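OK, Swiss-Prot features for this one:
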- 13-19, 41-43, Arg306, 332-334, 415-417: GTP binding site (BINDING)
- Asp14, Glu15, Gly16, Lys17, Asn39, Ala40, Gly41, His42, Thr130, Arg144, Gln225, Thr240, Arg304: IMP binding site (BINDING)
- Asp14, Gly41: Mg(2+) binding site (BINDING)
- Asp14: active site, proton acceptor (ACT_SITE)
- His42: active site, proton donor (ACT_SITE)
- Ala300, Thr301, Thr302, Gly303, Arg304, Lys305, Arg306: substrate binding site (BINDING)
Amino acid sequence: MSQNVVILGTQWGDEGKGKIVDLLTDKATMVVRYQGGHNAGHTLVIDGEKTVLHLIPSGILRKNVQCVIGNGVVLSPEALMEEMAMLEARHVPVADRLRISKACPLILPFHVALDQARERARGKEAIGTTGRGIGPAYEDKVARRGLRVGDLFDMKRFGEKLKELVDYHNFSLVEYYKADAIDFDTVLKQCEEFAEVLKPMVIDVPALLDKARKNGESIMFEGAQGTLLDIDHGTYPYVTSSNTTAGGVATGAGFGPRYIDYVLGIVKAYTTRVGSGPFPTELDCEVGQHLGEKGHEFGATTGRKRRTGWIDAVAMRRAVQINSISGFCLTKLDVLDGLEELKICIGYQLSDGSVTEHPPLSAEDYEVVEPIYETMPGWQQSTVGITEHKELPPEALAYIARIEALTGVPVDIISTGPDRKETIVLRHPFGQ
């Protein structure tokens, strides 16, 4: 029986989605990215070999899987070429396996320059963007002045539109941010070269997905970042510029919401965050340092050290509400091995002393909440590489059961290490 499955992060990103997508794609015929850009970083470890992907869907390493980049993704041709070259050097035939929407907005050099200039200008108030042009590209899309992949099919018209955009953004770069101007001729030449590579892969994605659905194929939708970074539902303004939630599938891939059968929420056994923004359960102590070191918590995209903290059931419940999550995949359980006790945030105390089980809507209010914790015993046994649920320590099983009780959602998959083999699957999202 065919199943259409969404896999997304339920925290602030970096939950371990790449491994799980790769693990589950043996049951899918198609993997689709529907939002974000190359600001995502999905790390795969297969038979000890590490692969980091930023733009191309994680299913690209599977021989019989077609990978798709939907219209909700802002596409950097330069980043795509680099990633294709890296994969093709390892004998992965990317051009044969990858298809790209004609409606993808393009990230061009002036978007990157603007992103970085703005972050410098903000100083201590910097949002913590990756500086890769994601936000400015989405701005051009919403302002209806952006260039899209489909525009590359008519280079004369493309050049005319590009000249207007270069002039428009150079004014801000030079006059306001005192940065260097972007050279039109250089960008145009690059785009002409990119066009020749991209054209064979460009397709009508909604039609492609609809045909696959009608043929009974199983489709996986791969989310980037996490629910709490969603432009509408995240800790605004410390968010990304796209809809990282399940609703992004309909708008970012052109796939009807009624056709989705299962939503898998990836949640780390603790919490991390990269960059600025509120983080109620953050740990500035030895435990936090331990989690960061043992969990190798450095951003796959930026290399920045991730902030670490206890798991937050309040934030998870919001993710459940927004995404209609069917089941959780709990990752990095093994990182908690050896801790004497664990804490779960079950509520927030507000500045007026009242208690809430719902996250605030503004970052300012989020910054001042105090987490209310429930303490549970840890375990001393190693869980690394365990593949049977019954082999987990009793304390680990109790921890998992408490997460399920607090969120009302079952933990269907448990990850006990970076390799795809180091996993416990209790209920398969594809029903197989």
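Counting begins at 1 with the first residue displayed.
Note: Cβ is positioned from N, Cα and C throughout, glycine not excepted.
Computed from a predicted structure; not experimentally measured.
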Relative to the Cβ of Gly13 (GTP binding site), which residues of the same chain, six or more apart in sequence, are found under 8 Å away?
Ala40, Ala224, Gln225, Gly226, Leu229, Thr244, Arg273, Val274
Through the lens of DSSP with three states only, how would you label the residue listed as 'active site, proton donor'?
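Note: the residue listed as 'active site, proton donor' is in a strand by DSSP.
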Fewest other CB within 10 angstroms, which one of the binding-site residues Gly16, Gly41, Gly303?
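Least crowded of the binding-site residues Gly16, Gly41, Gly303, by Cβ count within 10 Å, is Gly303.
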If you count Cβ atoms within 10 Å of each one, which of the binding-site residues Lys19, Arg306 comes out on top?
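Most Cβ neighbours within 10 Å: Lys19.
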By a simple count, how many Cβ atoms lie within 10 Å of the Cβ of Thr130 (IMP binding site), its own Cβ left out?
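A 10 Å sphere around the Cβ of Thr130 (IMP binding site) contains 24 other Cβ atoms.
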Between the Cα atoms of Arg306 (substrate binding site) and Asp14 (IMP binding site), find the distance and write it as a whole number of Å.
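With the alpha carbons as reference points, the distance is 9 Å.
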Between the residue listed as 'active site, proton donor' and Gly16 (GTP binding site), what is the CA-CA distance rounded to a whole number of Å?
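The Cα atom of the residue listed as 'active site, proton donor' is 7 Å away from the Cα atom of Gly16 (GTP binding site).
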According to DSSP, does Gly16 (GTP binding site) fall in a helix, a strand, or coil?
coil
